[in-house]
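Annotated features in TrEMBL:
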DOMAIN    46-151  domain 'Thiamine pyrophosphate enzyme N-terminal TPP-binding'
DOMAIN    243-356  domain 'Thiamine pyrophosphate enzyme central'
DOMAIN    453-578  domain 'Thiamine pyrophosphate enzyme TPP-binding'
BINDING   Asp484, Asn511, Gly513  Mg(2+) binding site
Amino acid sequence: MDTKIGSLDTYKPPCSDLACPANGAVSTIQGSAVSPTSIVNPTESTLGRHLARRLVQVGVTDVFSVPGDFNLTLLDHLIAEPGLNLIGCCNELNAGYAADGYARSRGVGACVVTFTVGGLSVLNAIAGAYSENLPLICIVGGPNSNDYGTNRILHHTIGLPDFSQELRCFQTVTCFQAVVNHLEDAHEMIDTAISTSLKESKPVYISISCNLPAIPHPTFSREPVPFSLSPKLSNQMGLEAAVEAAAEFLNKAVKPVLVGGPKLRVAHASDAFVELTDACGYALAVMPSAKGMVPEHHPHFIGTYWGAVSTAFCAEIVESADAYLFAGPIFNDYSSVGYSLLLKKEKAIILYPDHVLIANGPAFGCVLMKDFLKALSKRLKRNTTAYENYHRIYVPEGLPLKSAPKEPLRVNVLFQHIQKMLSSETAVIAETGDSWFNCQKLRLPKDCGYEFQMQYGSIGWSVGATLGYAQAVPEKRVIAFIGDGSFQVTAQDVSTMLRCGQKTIIFLINNGGYTIEVEIHDGPYNVIKNWNYTGLIDAIHNSEGKCWTAKVFCEEELIEAIATATGPKNDSLCFIEIIVHKDDTSKELLEWGSRVSAANSRPPNPQ
């Protein structure tokens with residue numbers, strides 16, 4: 001994995017020294033270009049400038065926004081910051097998704113919207129970022145400070161003099177909320193919000209009254225003093241006890257395995273997890289939502305553990321093990337394939353970011369995952385039995401049947417060619433739907449990025465996330481896989497990708513509807529109106545920027561399109577519409593859909 005979420009060691013602003021203490025905690029950022037004690041020109045000592053400087057200081061160089069009358073003055077100050085690039089999005093939902101994608105690569109993201117109409121629109125994206133443990137700073141331009149506490153009714157509200165509706169909505173999907181309507185405490189509230197987002201690896205909400213950003217105030221008379229956030233520390237006695245118990249448990253096992261989960265990211269523990277694997281020799285698998293967090297080129301990597309829809313031979317090795325260590329798992333109905341995993345609690349060690357559970361026995365709190373993994377790697381006996389078993393039974397997957405000339409393209413043929421496109425210079429974004437399952441089967445080369453949103457599973461997420469991820473890592477070429485139904489939700493911000501000069505390749509899978517929902521429960525509502533998708537992108541392009549589109553019906557056209565996208569059009573945004581049969585799905589989706597359907601349709605428990 002090439003990035004860490006929420007840790008300021010992921011991105012180094014130009015001319016800065018960044019010290020990162022133990023446990024991956026955020027630490028002081030020392031800016032050498034400007035002394036942190038230097039005096040600011042009194043006319044520039046404003047709230048708006050302070051916020052802009054703080055964003056740059058923590059690693060945000062791009063802010064995704066939608067203008068509205070309550071945030072316009074604030075946007076002026078963000079634009080005036082030399083280190084900050086303001087990116088206007090087509091709607092607030094996509095601005096939030098873009099900040100989500102940006103945070104996945106940079107470690108922190110930010111978006112700016114207007115009061116209530118903008119705030120409630122971006123709320124869905126903020127909830128998704130919360131579910132994925134992403135530090136995201138959501139800034140809202142709020143009402144004039146003089147209007148608080150009056151009986152006035154304002155526009156962009158629901159028509160009541162109480163302005164707290166937006167705040168109440170954000171309280172459930174952010175870890176801190178700051179309503180800034182006084183300059184005296186604005187400095188402290190902004191800094192507390194941003195530092196809390198970094199420490200907790202969750203979104204925060206900052207509302208700033210529209211009349212405050214441009215007013216000078218003594219609290220902003222100096223450059224922002226760099227953050228120095230105290231590192232989280234393990235309880236040393238608890239750590240030693242947990243490691244001793246885990247080592248005893250695993251060392252007596254015959255064929256133990258390791259399984260990485262999505263909370264490796266928030267725990268900054270991916271490297272420590274690989275270090276443990278190197279030391280113990282166990283077979284190494286990942287849960288589906290952790291794909292990309294563990295190197296798939298590792299010699300003991302056996303694939304994705306996803307119950308009945310695992311990659312070939314992976315589930316057999318994991319579920320037949322007599323001990324398994326899950327690092328940072330999330331066992332929900334989707335990741336457990338409708339609660340059908342064949343795992344036993346008495347065989348499991350479950351690591352969470354700050355505590356450890358060992359089988360049916362003791363639990364150890366105040367133990368950080370990274371510390372635990374590093375200490376455990378020194379205590380385990382080497383045991384390669386599970387990997388040797390995997391190596392003995394493994395049979396390489398066969399190739400798809402060869403297509404007849406001009407035969408309609410099949411999805412398995414498509415992804416056979418996609419595999420050849422991947423390298424250390426690419427990143428994969430997989431939209432909710434059958435792309436989840438097809439992309440899980442891709443073998444990621446070293447340093448190839450991979451992102452998808454499994455916990456929240458909001459269709460349309462990938463368009464904005466692709467925009468944000470590509471903006472954060474311009475040196476990588478993002479390859480996005482988006483279903484036609486999902487694309488119709490958020491298509492507009494392909495326009496923003498073009499404005500930003502991005503060179504993403506989007507594969508639009510056109511199968512005529514919501515295929516993932518068809519396999520859970522079919523009905524006429526899963527069929528959508530077909531669009532001329534390449535025609536739509538050509539209209540959005542409008543001869544501004546670099547864009548190339550293609551419509552693909554067969555393998556020959558696919559080969560030609562990929563050659564063009566990676567050759568002559570390598571510097572352009574490439575949109576390739578793939579026409580496939582409505583029933584052409586992965587076998588994994590068929591199996592997963594039936595099991596999730598069964599879980600959804602369970603009758604009520606007897607009263």
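Positions of Cβ are set from backbone N, Cα and C atoms, glycine also.
Within the same chain, residues at least 6 positions away in sequence whose Cβ sits under 8 Å from that of Asn511 (Mg(2+) binding site) are Asp434, Gly483, Asp484, Val580, His581, Lys582, Asp584.
Packing around Gly513 (Mg(2+) binding site) is summarised by its Cβ count: 20 other Cβ atoms lie within 10 angstroms of its Cβ, all protein chains included. The Cβ of Asp484 (Mg(2+) binding site) has 24 other Cβ atoms within 10 Å, all protein chains considered. Each residue in Gly483, Gly485, Ile509, Asn510, Gly512, Tyr514, Thr515, Ile528, Lys582 lies on the same chain as Asp484, Asn511, Gly513 and has a C-beta within 8 Å of the C-beta centroid of that Mg(2+) site, without being one of the site residues. For the domain 'Thiamine pyrophosphate enzyme N-terminal TPP-binding' (46-151), the DSSP counts in helix, strand and coil order read 51 helix, 22 strand, 33 coil.
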